[in-house]
Amino acid sequence: MATEEFIIRIPPYHYIHVLDQNSNVSHVEVGPKTYIRQDNERVLFAPMRMVTVPPRHYCTVANPVSRDAQGLVLFDVTGQVRLRHADLEIRLAQDPFPLYPGEVLEKDITPLQVVLPNTALHLKALLDFEDKDGDKVVAGDEWLLEGPGTYIPRKEVEVVEIIQATIIRQNQALRLRARKECWDRDGKERVTGEEWLVTTVGAYLPAVFEEVLDLVDAVILTEKTALHLRARRNFRDFRGVSRRTGEEWLVTVQDTEAHVPDVHEEVLGVVPITTLGPHNYCVILDPVGPDGKNQLGQKRVVKGEKSFFLQPGEQLEQGIQDVYVLSEQQGLLLRALQPLEDGEDEEKVSHQAGDRWLIRGPLEYVPSAKVEVVEERQAIPLDENEGIYVQDVKTGKVRAVIGSTYMLTQDEVLWEKELPPGVEELLNKGQDPLADRGEKDTAKSLQPLAPRNKTRVVSYRVPHNAAVQVYDYREKRARVVFGPELVSLGPEEQFTVLSLSAGRPKRPHARRALCLLLGPDFFTDVITIETADHARLQLQLAYNWHFQVNDRKDPQETAKLFSVPDFVGDACKAIASRVRGAVASVTFDDFHKNSARIIRAAVFGFETSEAKDPDGMALPRPRDQAVFPQNGLVVSSVDVQSVEPVDQRTRDALQRSVQLAIEITTNSQEAAAKHEAQRLEQEARGRLERQKILDQSEAEKARKELLELEALSMAVESTGTAKAEAESRAEAARIEGEGSVLQAKLKAQALAIETEAELQRVQKVRELELVYARAQLELGVSKAQQLAEVEVKKFKQMTEAIGPSTIRDLAVAGPEMQVKLLQSLGLKSTLITDGSTPINLFNTAFGLLGMGPEGQPLGRRVASGPSPGEGISPQSAQAPQAPGDNHVVPVLR
C-alpha cells in the first residue's frame, strides 16, 4: 500500500520500493535507513521484511533478476533491474534478501523434502539440463532418488510421487508390471506390460518403470486341500513342467506346502479332499486317464476306504453315496446301461442294455458304472386282513396280494386303485354305520381327511346285522357280504352305494351309505292327510322295520336286499299313500276317536279269517305287519307320535274339546277320589289316635335322651365357642392394643413435634414482642422525660419571665374581682360548685332564717367580714368552669 509520508524510516532487514514518477522506474531501498521521499517519487508500500530462508528450507521466486558472474544485479539503460521473465529461481538458505520490482515469491518458505529409508522420489525432467556430474538430462526422463537423503529441488525437475517400499513377508510375493522396457533389480530385461513376481522376503522398492499391482499371499496347502490352477499363457511352472494356455492342474501338499500363484496362473479355487468311508462309494464322471486327459463320457466307480482329490474336469455324479447294505427284506431293482456280465465265475449272467433284474439281501452292493439303480425296494409286511394291488408290467394284469409279506419282482409295480369320490369320502369319514348314524355330517367334516394309500387293498368292516354289496365289473356279478365281516375289494370290484332318504318329512338322496342295516330299527316320517269333512291334519308316524332274509346263502335272495336303492323313501311313500286313502273316507270325529286303529289298518291291511258274523259272512282280521316283497322289508309296528291340525281354526276347536273332555274327566275323578279319601281318612284317624298315644310315650323317651344330648352338646359347644371367642377376642384385643399403642405413640410423637414447634414459635413471638414492648417503653420513658424536661424548662422560663410578684397578682386577681362583683350585686354569700361536688344543705334553713350554722345572726358574721373560707368556695381560685357545670346558689337574707 502506497504511503504519502516524506520521511520513511526503514528498519533493519526491511525494504521498500520507490517509484520515480518522472522516469517510471522503481528501485529498492534497504534498511536500516531513513529515506526522504522526493516530490517526484512515490513509495509503493510500507517497509516490508526481507525474505529470510532458514537452513534446510527453500523458496521459489518467479521472474528473478539477472546477475553477473560476481552475483551483482544487472540494470538496463533506464536504471530498471533486468528480470528473467517467465523463469523460476529456487533459492536456498542465505542472508535475508529483498524482492526487486517485478519479482514474485511464487512459493513461500518450504522445508526441504527428506527422503526416508525404504522410500524414493519419482522425479521427471521438465527441461533439458546437465546434472552436477555433467550428465545430460533430456526433458521427459524419469528416475528415482532413493533415501535416506535430502532432495534439493530444481526448476527443471518435477516430483511425480513418493514411492514407498513394500514389505514382503514369508509366504508372500509382490506382483510387478513394467510400464516400459527396462531392467529389473535382478538384472533381467523386461518389456512393456510384462508381469513378474518378487518373492525375496524384506522391503522392496520398485524401480521407476515398475508398477506394483498387488501383494499376493501364498495359499497354504494341507492334507485336505489342493489348489486348482489354470494357465493364462504358455509357460513353465515352478516344478519345471510346461503348461499350455487353458490347461488346468492341481497343486497339493506333496508339491509344496505354500504356493504363491504365478502371474501366468489363474486360481480357480481350493479343492477339498474327497474322503470315502468303508461304506461309501462315488461315481466320477469324465475321469482323468493315464495320459492326464479327461476321458469324456466315461465313468469310474471308486469304493472306500479312500481319499483323493478330484482332478480338473472331473465331477461326482451324485456326490458321495452310501453302499447299499441290504437285509433279508430289502432288494435293489437294477437296469443295465451297457452290456455286462454279473455274478461270480460260475454264476455269471449276461445282461443286455435295458435289462432289469432284482437282487435281494443280505449283502453289500456297489453298483458298477454300467448299472443304474432304479429303486430300492422293501418287503411290504401284510397282516391277514391287509393287502396290496400288484400289476405285472409285462402282461398288465393286476392282482391283489393279501395276508403275507411280499416283495415286488423286477416286473411288478404297485397299482393304485381309484374309487368314486362318494365312496372315497365315506371310507375316509371312518364313521360307524350303526353308532354314528344319528350324527350330522358337518360334525366330522371339519377334521382334515387323511389321504388313502391307493396301492393298499380297499377294505371295509361290515358291522353286525348289516350287509354290503360288492360288484365285480370284470366278472359282471355281485356278491353280498353279511356282517360282522371284513370285506376287501378286488382290482375290478366296487361298492354299491345306497342313497337313502332322510329328514322329517323325508328328503330323497339326503344320506349315503355303503352298508345296509338289516334291523330291527325305526324311521320317522311326517305326512299331511285330509279327512272326509276336509280337515287337514299333520301326522308324525314312526315305523319299526327289519329285513327278512330266509336264506343268506342264496344269491337271488340276498340280491333282493339291494334291489331298491332307497328303501326308506320307497316304504315311506307307500305307507303315506295307504294312510291318506284310509283317512280320506272317514270324518274328523271318527278319525280323532279311532286314529290308531285306522292308521294301523291302513298300514298293515286285513286278511280273511274263518270267523263269521251272525249273518254268516267272513270277518276280516287286521294283519300285524306289512311286507314289501321287492326287497323283503317288513314293517312290524306303527307309532302315532303326534296329530296336529294344519288349519288354525280346527286346531283351536280341537284344543277346546280336548280341554272340555279333560275337565269332565278330572271332575269325575276328583269326586271319586274325594269319597275314597274321606273313607280312608276315617280309618286312618283311628289308627292315628292309637299311634299318637304310642308315639307320645316314645317321644317322651326320645325327648329325654334329646335333652341330655343337647345339654352335653351345648356344654361342648359353649366350651368350644367360649374358647374360640376368648382366643379371638384376646387376639383382637392384642391387635387393637398394639394398634392403639402404636397410634398413641405416633400421636404422642406428632403432638410432641407440634408442641415443640408451637413452643419455639411462641417463644420467638414472645421474645420479639418483649423486644418490641421494651423498645416502646424505652421510647415512652424517653419521650416522657424529654416532655417533662421541656415542661419544667418551659415553666421555669415562664416563671422567670413573669416574676413572683406577677404570679401572685394573677392568682389573687380573680377571687378579688369576684368578691368585688358579688359585693356590687349585694350578695352576702355565694356557692360555686359543679355536679361532682356535694352540697351540704342542712344549714340552709338557718340561712333562710337569717341565722348562721351555729344559730348566730348572719349580720354579725358579715359585719365581722368573711373569713378566707367563707362566702367563697374552695374552687373559686381554680380556673373558670364551663357554663352549666357550676351552680351558683345565692344566699338571701
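Cβ coordinates are placed from backbone N, Cα and C, and glycine is handled just like the others.
Look at Swiss-Prot and you will find Lys444, Lys704 tagged as SUMO2 cross-link, backed by similarity to another entry. Per Swiss-Prot, N-acetylalanine is recorded for Ala2. Sequence annotations record features per position, and here Swiss-Prot assigns phosphoserine to Ser445. Residues annotated as region 'Disordered' in Swiss-Prot: 856-893. The annotation repeat 'MVP 1' is assigned in Swiss-Prot to 2-56. Under the heading repeat 'MVP 2', Swiss-Prot lists 57-111. The repeat 'MVP 3' annotation in Swiss-Prot covers 112-164. Annotated repeat 'MVP 4' per Swiss-Prot: 165-217, in sequence order. Here Swiss-Prot flags 218-272 as repeat 'MVP 5'. Marked as repeat 'MVP 6' by Swiss-Prot: 273-323. Sequence annotations record features per position, and here Swiss-Prot assigns repeat 'MVP 7' to 324-379. Residues annotated as repeat 'MVP 8' in Swiss-Prot: 380-457. Taken from Swiss-Prot, the feature repeat 'MVP 9' applies to 458-520.
Summarised as a single figure, the pLDDT of the repeat 'MVP 3' (112-164) averages 92. Remark: Lys704 (SUMO2 cross-link) has no non-local neighbours by Cβ distance under 8 Å and separation of at least 6 in sequence. DSSP places the residues of the repeat 'MVP 3' (112-164) in helix, strand and coil in these numbers: 0 helix, 30 strand, 23 coil.
Under the three-state DSSP scheme, Lys704 (SUMO2 cross-link) falls in the helix class. Residue counts of the repeat 'MVP 5' (218-272) by helix, strand and coil are 0 helix, 27 strand, 28 coil (DSSP-based).
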